[in-house]
Structures are given as structure tokens and as C-alpha cells.
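Enquirer: Once you've had a glance at the structure underneath, I'll fire off some questions.
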Amino acid sequence: MQNAIATIKETNPIVLTVANNVTPADVANGLNALGASPMMSQTPEEADDMVNIAQAAAINLGTLNPHQRGEMEAVMEAAKKYHKPTVLDPVACGATMYRLRVVTELLHQYHFTVIRGNAGEIATLAGVEWQSHGIDAGEGNADLEKVARLAAEKLGSVIVLSGEVDIVTDSTRLARLPYGSPAFKTHVGTGDMLSSLIGAFLATNDDAFDAAVDAVTTFTLCGQAVEDQRPGNWYPGLLNNLDAVTDQQLAAWQ
């Protein structure tokens, strides 16, 4: 990581997020704290204009519905048109046949620069047997590095597999990032925040693998460094750390 955080704080990249209905404020506050500029839309008719002025786009399947799917497709068409990097968060894609069908069709139609999910979600995309548990990772016996590499090879995207140790791979390069905290599980929406924060790093780095590694490292270390890890105090501390963090501070935490 070389001045990645400083670049975001100086350039304020706009990240368009097609959010779910549960965590949009968390996503917006996380982006804003780091120094990026959050933008959200639920209207397919303005997707072209929104993507044109944004530096990256993130799509979240959290509260999937037919209208949201139309917005996703409009955003991805515009991202292809304007050559903007994109992030997919395939929330609970293995939980229902409807979600699996939608995400399969999206991945057939469009290429995503980065895909971030938990073990169950990434295993589903890789075609590996896994017992999903709603939005949570669930259970499985597969080697997670192999699962992530398989998904990257299959989809041609950088894969971020979130867990106790986060895995980032483009199928050739692979990073294991052991900077997490149990507190992340206590606040619904931290995964959504990370997916959109990856967009901010993609906006300022043409190497998608490096950008994803930088994003995961920054976010997880900011969470790990919060002194009070109790749920009610940890989340404000996470935002405070995202706001105050510098490249030098991050290096010291590592």
C-alpha cells in the first residue's frame, strides 16, 4: 500500500451504490468517513448519468426485488459504456433459487471487477457444495483458498472471501489478511460497507487485486484497532478510525 488512503482522502472518489434496504446509511457513512463520496440511486432512468459522474459502482443483492434488478442492469450497462470498475456483493446468493438465478444471470451478462462475499456466497458462485445459512457464511469442508481461486478463475474477477482470515485472489495472486475482529459479526452491514469501500480503492488504483487488498486491510485494521469492542461502542469507533486513519497509521497497526 503506497499512499492509497491519502489518495482517497485527497480525491474524494464518487462511489455509486445500488444498496439494499437495510444498511444504506452504514454504507454511506463508511464511505464518507474514509474520504470518498457516497451516491445512491433506486431509479434505472438515472443510472447512466449517475455512473457517468461516479468513479466506481457497487451492487448489493441484500433486499433483492424485480425493480432493484432493473437498476442493477442499468448500472452495469452504463459501467460497461463508461469503463467504470464495479463490485458485486452477492448477498445470500445460495439461500434461495430466485437469488441464485438472478446472480447467475447477472454474471452471465456482465463482468464485475471485484466480487466480495462470505464463504457460502463465494462457494455458491464457484459451484462448490456448501450449506448456506441465510446471510451468514454457513458451513462447509472445502479449502477456502481453493474455493476463492476457483471462483476467480471461473468468473474472471478479483474475489474477496470474507471470514476470520480474509482471502483476496485474482486466481494467480493470493493474499491472506488476518486482521479481522469478532466485532464485525455484531453489526449488520459491515460486509456491505466493505464492498462499497472496495469501490473507492478501485477508483484510485488500476490494479484491482492491489486495490482489494488495500481496502480489506484498511477496513479490517480500522475495526481491529477500536479500543472498546462492545457492539454499541465498536461501530462509532470504526467510523472514527476510518475518518482518522492514514497510510502511516495503517502501517503501524500491521
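Glycine is treated like the rest: Cβ placed from N, Cα and C.
Swiss-Prot feature annotations, pasted as is:
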type    : residues       : note
BINDING : Met40, Gly189  : substrate binding site
BINDING : Arg116, Ser162 : ATP binding site
Enquirer: Other than its own, how many Cβ atoms are within 10 Å of the Cβ belonging to Gly189 (substrate binding site)?
Expert: 20
Enquirer: Given the binding-site residues Met40, Ser162, which one's Cβ is surrounded by the fewest other Cβ atoms within 10 Å?
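Expert: Per-residue Cβ counts within 10 Å for the binding-site residues Met40, Ser162 bottom out at Met40.
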Enquirer: Could you measure between Gly189 (substrate binding site) and Ser162 (ATP binding site) for me? Cα positions, answer in whole angstrom.
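Expert: Per the Cα atoms, Gly189 (substrate binding site) and Ser162 (ATP binding site) stand 13 Å apart.
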Enquirer: Where Arg116 (ATP binding site) and Met40 (substrate binding site) are concerned, what is their Cα separation in Å, rounded?
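Expert: About 19 Å separate the Cα atoms of these two residues.
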Enquirer: Take the C-alpha atoms of Ser162 (ATP binding site) and Met40 (substrate binding site) and report the distance between them in angstrom, rounded.
Expert: 24
